[in-house]
Structure formats: C-alpha cells, structure tokens
Amino acid sequence: MGATPTEAAAATNGREPSRLRGNLGTMQLFFTVLAFNAPLSIAVGFIPVVVGVGNGLGAPVAYLVAGALFLTFSVGFTSMSRHLPNPGGFYAYITAGLGRLVGLGASFLAILCYYFMLIASFSYGGLVLTVLVGKTLGGPDIPWWVWVAGLAVVVSVLGYFKLELSARVLIVALLAEICLVLLYDAVVVFTGGAEGLALDSFTPPAMFSGSAGVGLLLAMCCYGGFEASIIFREEVRTPDRTIPRTVYMAVAFVTCLYVFTAWVFVQAYGPGSVVDAAAADPTGSVLASFEHYLGRLATDLVTLLLVTSTFAAILAGHNILSRYLYNLSVDRILPKFLSAVHPRHGSPHRSSAAVTVLNLLGIAPLVIFGADPTMLYAVLFGIFGYVLIVLLLLTSIAIPVYFWRNSIRVSRWKSTIAPAVAFVGLLVGTVVATANIDVLIGGTKTLVMGTFVLVYGSILAGIGLALLYRQKRPETYARIGRQ
C-alpha cells in the first residue's frame, strides 16, 4: 500500500505522515506470521512436551484438532477483515464487536501477551546463543544477558526501518529452519523409523491417551501470530485480498507441518519408547533424534538455526507490539509522541524504540536477581499461551456480535456458525487452560495466583481507564479502537 498524496506531500515538506506505510505482499506477510510461530523451536521445544506431558502417541491428533479449530476461527476472522478497515489488530476487532470498554481492556491484555512473549524469547535466545558460541563453536563463555542486549540492538535497528526489510530477513531465516525440519521428517520416513512406520497415533486409544486436554491446550499455544495478519493492515498491499489469503495459508501450512513432524517424532523413537523419552528430556530427546538420523553436524545446525528461529520470532513480536503502542498513541491512550511515523520508512519508529526500552527494562531486574533463563522461558511462554487463548476467545465473541450490530449481510456460515464453533472450542481451551495453569506455567500456587491477577487485572485496568475517559475525556473515549 503506497503513500497517499497527502502523506507524500507531508514527507516532502519534512512533516511526519499521519499513517503507517508499506507494501507487504502475500508471501512477505505469510512469512511474518510464520516467524512468530518459530517452526523449529516448536519442533524442538514443544512437540516433545505435547508427547511427554500431553496425550502421548496422540500428539499429532492434538495438532490436527487445534488446526481445525483455528481454520474454523479464520472463517469469521477473515470475513470481518474485509468489512472492518480499522487498523489495530484484536484491539480494533474486539472494540468493534464488544464496545470500547472491553476493547481497551483487551488492548492492555494484548500488550501483556506480546511483552511476555518477547521477554521469554529474549531469554531463550540468549541461552541458545551462549550454548552455540561457548559449546558448539568452542568460543568464550559469555553471559546470556549480553547476547540479549545484542539481539535487542539488532531488532531495534530493523524495527526502525520499513516493514519490508524485516520481512526479507524473516523469509531467509524461516526458509532455512523449515528445510531442516522437513529434511529430518523425510529421513525418518524413508528409513522407516525405529520400529517401522505405523499410524497408531490416529487410533482412538492413542487420541485419548495420557492427558488429552493438556495435549490440545499445548498444541493450541503453538498457533500464535494470528494477529500479525491484521495488525500490519496499513502496511499491506491490497489488504482485503492479502490478509484472508495469508491467514488460510499460514494456518494450513503450520497445521500440516506440526501434525506431520509430531507423527515423525513418534516414528523416530517408536510408539513403545517415545513417551518415556520425551517425558524424561523433551528437548534432549529431539536433539538426540536429529543426531541419530542426520548425524552430529545436524545437531550443531539445529543449535545455529534455533538462534535464527528465535531471532525471527523476536523480530515479529517486536513489530507487533510496536504497532500496538502506535495504535494506542494514535487513539491518545498513550502519549501522542509515540504515534510519530517515520517520513521516509513509514514505520512507527518511536514506538519501536519504546518497545526496545521496555524489553531491556524487563530483562534488567531478571539479570540483577540472577533468574534462570530456562525457567524464565518456560514460565513466561506459558503465560503468553494462556493470554493468547483468552484474547482469541474474546475475538471469537466479537466477530458475530459485530456482524449482528452492523447488519452486515454475509453468509450465516461466516457470521454465525463458524464463529460459534470457534467460540465453543476456545471456551473449552480457556477452561482447560485455567484448570491446568500450573502445568502450563510450571509454577507454584503463588505464581498461579499472580498470573490470574495480572491477566484479568490488566483487562479490568483497561476497562477502568475507558470508564474514566468516558467521564473526563469523551473525545479520547470516542477514538478507542481506532474508530
């Protein structure tokens, strides 16, 4: 989407344009969404957990069900994207459907969601870089937080420029890790696995083995990045066509990749051994499997590509969160200073810099108090997964309400049936997540209660602020949701 004449004139005269600009096509947006999901990180760090802690041999089915749920959610989601031109992501969608009070509450929740994802990913990235340099390459033992600072600087620089530059970097990083995962899958299949190829994973006993609910919950947490398809609306070429196409492509691709790789992992160890191996050492079991089927060099390559995979996820998350700060500043919820658009790059450069500062401020106390980056990643990513499901649940409610309130004529399948099915699935996911929050974040009762207070307190804080604006600053209240 190019600059309008007004924006072009503003840039020429040295004034900042009033809106973001970009020219993202389908493939660039597709890889941006995919980067947030970090396929290699999911293969190494999440699939074995679904096998070991979730429903064991039935892990591929957990991913299949989760994929079907998100494809169903996509029906109403993409239909709404064609009728709602407002930028702002879930913030705009939930406001348009459920009103400004809930909308602002949801925006605070979304900021919390992506902030925790970024802190978790930075921690993991610093840890993986320490292993890569110190052990794999035999270099100096540099503290993890030094690598985090380096990652933050690189991401900040890329976030300053136009979004297309980030997209090009993401495409290169993603292609490499996807090729490695597919190579592993192919070698295991062609060699017949440990006990010969079998379809035991797709039988009813396997589907409901172990903790099927926990398995589905963990699988659902691997479908982040949904919002990337709409949060960049102002920077996408022909968004009414590009966004729906990208959403379906991304969900279909990651579902196929997750289902197939989970099944391959089961075959790599054999149905009789895989659950015990995954439960004993989730990440170690995958790395050992890569080494067995692809050789020692492959495990070193996995370590290297885990760095690029994590970096890609951080960059995608950084760009999403910077757009959230930008949209809230345009609505005057946050200081107007953050709504500045770079006259040349069309990027929210000040909001991007603010995200970098917030990331460093979030990491600093963790370093000072000697927090374990491995534990940080597990806890914070678990909180991110829980918040993401709650956000998706709110969006699934907002979609049919939006169509009903605005009397928009679309098929009943798009406006009611598909959103209703998605709502039921996400409601079940939220209930299961709430009941198993200790498994999701792996923490004590104090941490669990703190998580609930933080999550639902952020929603209430947003609602309270919206009520205050309605009374004291009605002009700001009217702008909520990029109205």
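Every residue gets a Cβ built from N, Cα and C, even glycine.
Because TrEMBL annotations are produced automatically, they should be read as predictions rather than curated entries.
These features come from TrEMBL:
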type     : residues : note
TRANSMEM : 29-51    : transmembrane segment
TRANSMEM : 57-80    : transmembrane segment
TRANSMEM : 101-124  : transmembrane segment
TRANSMEM : 144-163  : transmembrane segment
TRANSMEM : 170-194  : transmembrane segment
TRANSMEM : 206-226  : transmembrane segment
TRANSMEM : 247-266  : transmembrane segment
TRANSMEM : 301-326  : transmembrane segment
TRANSMEM : 353-371  : transmembrane segment
TRANSMEM : 377-404  : transmembrane segment
TRANSMEM : 416-435  : transmembrane segment
TRANSMEM : 447-469  : transmembrane segment
**Report entry** Leading stretch by Cβ pairs under 8 Å, where the reference is the transmembrane segment (416-435) and the options are 29-51, 57-80, 170-194, 301-326
**Finding:** 57-80
Query raised in the report: So, does the transmembrane segment (377-404) come close enough to the transmembrane segment (247-266) to give 3+ Cβ pairs below 8 Å, pairs being at least 6 apart in sequence?
Result: no
Query raised in the report: So which of 101-124, 144-163, 377-404 has the most C-beta pairs under 8 Å when paired with the transmembrane segment (301-326)?
Result: 101-124
Query raised in the report: What stretch, picked from 101-124, 144-163, 170-194, 353-371, 447-469, has the most CB pairs under 8 A with the transmembrane segment (377-404)?
Result: 101-124
Query raised in the report: So, do the transmembrane segment (447-469) and the transmembrane segment (170-194) meet, by the test of 3 or more Cβ pairs under 8 Å (sequence gap 6 or more)?
Result: no
**Report entry** Stretch contact, the transmembrane segment (353-371) with the transmembrane segment (101-124), Cβ-Cβ under 8 Å, 3+ pairs
**Finding:** yes
Query - Contact call for the transmembrane segment (170-194) and the transmembrane segment (29-51): at least 3 Cβ pairs under 8 Å, seq gap 6+ - result: yes
Query - Closest-packing stretch to the transmembrane segment (57-80), where packing means Cβ pairs under 8 Å, from 29-51, 144-163, 206-226 - result: 206-226
